[in-house]
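A quick write-up on the structure given underneath.
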DNA sequence: CAGTGAGCGAGCTTCCGCTTGACTT
């Protein structure tokens, strides 16, 4: 702590990230102390929007709770320093961070220098230090406009939803458009009518001069609409003499993809490693902190000269000159700000890295992609062979591909863009040498009924790609945005089982036709994003009253406005005023004129009672209602039932809804007590003797389940409960040793305590337990606020800010 | 927290974009 020499106090450099600070300190030497601001240090106050609308939109900034310590320390260091170097990123947000630091630390023009660099390399840093400039206030103002706009939109629209749909909901420039994409895709899929056609493939054999027989797969470019058409084609192939009618060859070139940005890394890690976008980011963070890769939140595809030199050394020494091709990539994405390099290994001479499995895999991916990006094109040759026969109207085509020079393919195989839906594009492999006139005979000709593909649902990664294409969101927000829309209950990430579907198979073998009905599973989904009912209702509401804000090009439009501000052509608060005047009016009108939106849908009437049946969003989520509520006490109260998982307001039928009212259902008696099945807050359950047992997800249907199975479940539960209980003590029945999800633990007065790894839980004595409770109690006592966050996962954010507030308050009183 | 869904209403929720920790019953 007291290590500070007088020399290090001369220059204070402030960057955004602590890992970056460490690296830069090495480059700058003893005269420079490098510290981090940990991102933004201030933000708009929460109260009254943090924006004085009546006073030219004057922002009211406060130091964030979790940055108070940081600011305190920086303030002190800045006071002692001769020169403070503000070295945050050279983009809108970075410039604003520099400005906030300037304001909050009480710096002066005399003692402050603003420097920027796009890459963390020694020459770049030294060059930056030689070329300081002033804070660019136009760029800062563009950021203030961005910040204020987002606040006004978010904090005016969310309360409209609280009043008109449901409390605690949220709306925003980015998240609501993200939900819109998913909702609209779901409706496209719902409206999609698959059309079937017949795809014909054939296996031919060819005998060469040496008598060697080779198989060739070929396909008919034409697809038939009906089984009749297909059959008559296959009939025409009976006994036909097939021969090669044309052979054409053409060269084909494949080029490597650009080095990784945040978005492309998330997509590739999802496709190749199965990582979620959040997972990718946290693994990348680890690698970054360990100095293994460059910064992982970037929209730039640029590599520094240092990196290019390393790559070229690697490629030439390991693979040879022929494999090297230095390339400069240019970003195509809208609104890219390119404050950093692309994501690459810091040291390209290291093809591997120590660390967790995940870190190794992700690093390997990054290393290969970086190296491949500087390698030569792959040269291929594509051969197309036409196969015809007299009397057969259509011709077959066989494709072959030969790699003449592998180039970048030596290290990196790119995955395809489409999400691998079950359209089995056959890999073009090798073809034997063939020439026009060669005779072929068919082994089998098969026609298989195929269905046109519905539009694919978004995965996390494909959604990020879409957002990037639309210029919505930033590298630092892709992963959090996807979490937000799930936390708000607008979207769920799920697996869905496919449904069985019949298809026709017609084949010609040995001049005989076979026709069969076969079944396949179609439409199965894994880890895809589905809108919830509430997501759909909120989306429809927002689109009805605020179509301008949630149009796909709104962000692009305001970005253009921000650009004007950053060039000094437009005054930021005038620009905001122009937007806000009409926006605020829109909000007022909506509050006054719009109906409460519950997504209500009338399904029809109950055939037994004639009562109307409807579905809507209730206090506890989507529900069905039979009958109407009325003030008249004579009229029977309406019945309610929650929709089941997989049922939706928009698609549920009257029949399905009616069945929901069959619950709770009496199954019969077991051990002289009633067995009842129903659906509760936590899903379908069986109740017996005052105890609840959950039904097995995906196996048991509460509407179908019978007594035998219910008894089975009850017995299973009893067994689990028995195993749960390891030990208790007569002297103090409150102390129990139990078996939980994370292994054995001690339960005492509704709190849980850890058992040391090397102790046998069965051997614990009462004294042992009391000791462990005492020890555990000490620890948790100190960290009481932190424990709260763990208890409430869904409201982690809320409680954590509360917790920090508390600790901050504690510290204040402590002194 | 497991048979919910009335109605009143205090006090709360909420945005986007920079950053990294703290958690494991």
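Using N, Cα and C of the backbone, Cβ positions are placed for all residues, glycine too.
As annotated by TrEMBL, domain 'Toprim' applies to A:10-120.
The C-beta environment of residue A:40 (site 'Interaction with DNA'), restricted to residues of the same chain at least 6 apart in sequence and closer than 8 Å, consists of A:64, A:67, A:93, A:96, A:97, A:100. For A:40 (among others), the entry in TrEMBL reads site 'Interaction with DNA'.
According to TrEMBL, the feature domain 'Topo IA-type catalytic' maps to A:136-587.
The secondary structure of residue A:146 (site 'Interaction with DNA'), as reduced to three states from DSSP, is helical. Per TrEMBL, site 'Interaction with DNA' is recorded for A:146 (among others).
Residues or ranges marked as site 'Interaction with DNA' by TrEMBL: A:147 (among others). In the shown protein chains, 20 other C-beta atoms lie within 10 A of the C-beta of residue A:147 (site 'Interaction with DNA').
Residues or ranges marked as site 'Interaction with DNA' by TrEMBL: A:150 (among others). In the shown protein chains, 15 other C-beta atoms lie within 10 A of the C-beta of residue A:150 (site 'Interaction with DNA').
As annotated by TrEMBL, site 'Interaction with DNA' applies to A:162 (among others). Note on residue A:162 (site 'Interaction with DNA'): other Cβ atoms within 10 Å of its Cβ, all shown chains, come to 13.
Per TrEMBL, the feature region 'Interaction with DNA' maps to A:170-175. Listed as Cβ neighbours of the region 'Interaction with DNA' (A:170-175) (distance under 8 Å, sequence separation of 6 or more from its ends, same chain) are residues 149-150, 153-154, 157-158, 160-161, 467, 472-473, 477, 481, 484-485, 488, 490, 538, 542, 549, 554-555, 558.
TrEMBL lists A:295 with the feature active site, O-(5'-phospho-DNA)-tyrosine intermediate. All protein chains considered, the CB of residue A:295 (active site, O-(5'-phospho-DNA)-tyrosine intermediate) has 24 other CB atoms within 10 Å.
Taken from TrEMBL, the feature site 'Interaction with DNA' covers A:297 (among others). Long-range Cβ contacts of residue A:297 (site 'Interaction with DNA') within its own chain (separation 6+, distance under 8 Å): A:262, A:281, A:340, A:474, A:475, A:476.
Residues or ranges marked as site 'Interaction with DNA' in TrEMBL: A:488 (among others). Take the CB of residue A:488 (site 'Interaction with DNA') and look out to 10 A: across all protein chains shown you find 19 other CB atoms.
As annotated by TrEMBL, region 'Disordered' applies to A:590-609 (among others). Long-range contacts of the region 'Disordered' (A:590-609) within its own chain (CB-CB distance under 8 A, at least 6 residues past either end) are made by residues 160, 163-165, 533, 536-537, 540-541, 544-546, 615-618, 622, 624, 626-627, 649-650, 652-654, 657-658.
Per TrEMBL, the feature region 'Disordered' maps to A:775-815 (among others).
Taken from TrEMBL, the feature compositional bias 'Basic residues' applies to A:779-815.
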Under a three-state DSSP reduction, the secondary structure at residue A:162 (site 'Interaction with DNA') is helix
For residue A:146 (site 'Interaction with DNA'), the nonlocal same-chain Cβ neighbours (under 8 Å, six or more residues apart) come out as A:92, A:558, A:562
Cα nearest residue A:488 (site 'Interaction with DNA') among recorded positions (A:147, A:150, A:162, A:295) -> A:162
How big is the Cα-to-Cα gap, in Å, between residue A:162 (site 'Interaction with DNA') and residue A:150 (site 'Interaction with DNA')? 18
Taking just the CA atoms, what is the gap between residue A:295 (active site, O-(5'-phospho-DNA)-tyrosine intermediate) and residue A:147 (site 'Interaction with DNA') in Å? 24
I'd like to know the mean pLDDT over the region 'Interaction with DNA' (A:170-175). 97
